[in-house]
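A.B. asks: Sequence annotations record features per position, and here TrEMBL assigns transmembrane segment to 28-51, 83-100, 107-126, 159-177, 183-205, 212-233, 265-284, 290-310, 354-373, 393-412, 419-436.
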Amino acid sequence: MALKTARKQKPSRKSQSWATKLFKNPKAAFALVLILADALLVALIISYVPYTKIDWDAYMSQVTGFLQGERDYSNLKGDTGPLVYPAGFLYVYSAIQYVTGGEVYPAQILFGILYIINLAIILFIYVKTDVLPWWALILLSLSKRVHSIFVLRLFNDCFAMALLHAAVASVLCQHWHLGLVLFSGAVSIKMNVLLYAPSLLLLMLKAMDIRGVISALVGAAIVQILLGLPFLLSYPIAYVSRAFNLGRVFIHFWYFLFESIVQTFSKIILCTSILLLSVNFKFVPEPVFVSKQFAVSLLITHLGLLAAFAHCKWCKHEGGLLNFLRAKVLSIKQTSLLSGSSASSSKTLKGEHIMTTMFAGNFIGILCARSLHYQFYSWYFYSLPYLLWRTPFPTILRLILFISVEFCWNVYPSNIYSSGLLLCLHSIILWGLWAAPPEYPYMENKSSSREKHK
């Protein structure tokens, strides 16, 4: 009897130890309180703030065509135009239509739950990396615009970013293959997630050997193939050209590559509409905005900044980007010569290095974007506090920058002053990231640390 009672007491002790660990960590305890408080706020927003119809009807029209058996992407259309998202979008919104019956109010509840799940993932990332002070976690719940994007607009950006954040959390826990699968799923909903791809690839090369990198990439590719299989087997050209049209998705970068496809007149109309809807670059004259030179300059700036950060910041301790790539090639040759040796060049990366590299790489893409619509704020809002606390700025300046960015995104319609201020704020944050000293990216083994102390 005594043994039975002792066994019964063990689970309670474990639960007590888990609870004590949770509340001994002020960040974890505060994060839990923050989730509960934000859940109440989301419920109040859904109940009392009027819904704004933008893309919901178009989404439902596109999904209805898919559910009725249409597999030609050129025939899947809505009020806002043809379907331009990969197949994952259709599966997600088909499920939403099935659950909600296409009604807005139950869809808002579903998106409210998604908002809380996404916030929980983000808070897990922040608590695990331990970069922010506990009180600064509240910044993640203070965005009026992000709440609106999730529960008052129902954009597909919400699902894409929630999956992306889940992928980031998986990578943070060193589950690289799972992270790549989730990353590919996010890409299948909206392709803005590819802004994270250069940083993610660099981190994979650091953390895994070449076999691991290839297998992870193959897993991500298989996800895309399986999701797009019904369309690839029926109308492959229509699917690939519309769902993965980089000229549309990253129009601020590669639009000029597709110039021969689109007539000059229609291109000017499209770029003009983008300028009117954009939050940034409102101060740029329209002839400059629609010019090929402006697009090329942004593309060059984007690639140049990525190369500069990779060489001088992210690969600083490896001797720069070129030395790192050269060493990686040499290690590949050595492993091939050893013909199956168990030796591996992979190392365990610090969580802070992973997050700084991924968030900063995406932020560079945001800075160089020719057009940023209001829902695009969700692409980088949750990384802003992290990036600000990686700069050498004093806390008061970090808070001013955060509040000012939020202010710019809540000016509607945006104007030359708000867009000019937003560009200045982004530039200051990027300069702060550049000025911060690069940290050692790898976890030190106990054996190696002992050797250093000898």
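Residue numbers in this text run from 1 along the chain shown.
Placed from the backbone N, Cα and C atoms, the Cβ positions cover glycine too.
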A.B. asks: Are there three or more C-beta pairs under 8 angstroms joining the transmembrane segment (212-233) and the transmembrane segment (159-177), sequence spacing 6 or more?
C.D. replies: yes
A.B. asks: Which listed stretch (83-100, 183-205, 393-412, 419-436) has the most C-beta pairs under 8 A with the transmembrane segment (107-126)?
C.D. replies: 83-100
A.B. asks: What else in the chain is close to the transmembrane segment (212-233), if you only count residues 6 or more beyond its ends and a Cβ gap under 8 Å?
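C.D. replies: 71, 73, 86-88, 91, 176-177, 180-181, 183-185, 187-188, 204-205, 239-240, 243, 346.
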A.B. asks: For the transmembrane segment (83-100), find every same-chain residue at least 6 residues outside the stretch whose CB is under 8 Å from a CB in it, and list them.
C.D. replies: 59-60, 62-64, 66-67, 73, 76-77, 106-107, 110, 156, 159, 185, 187-191, 224, 227-228, 230-231, 239, 242-245, 248-249
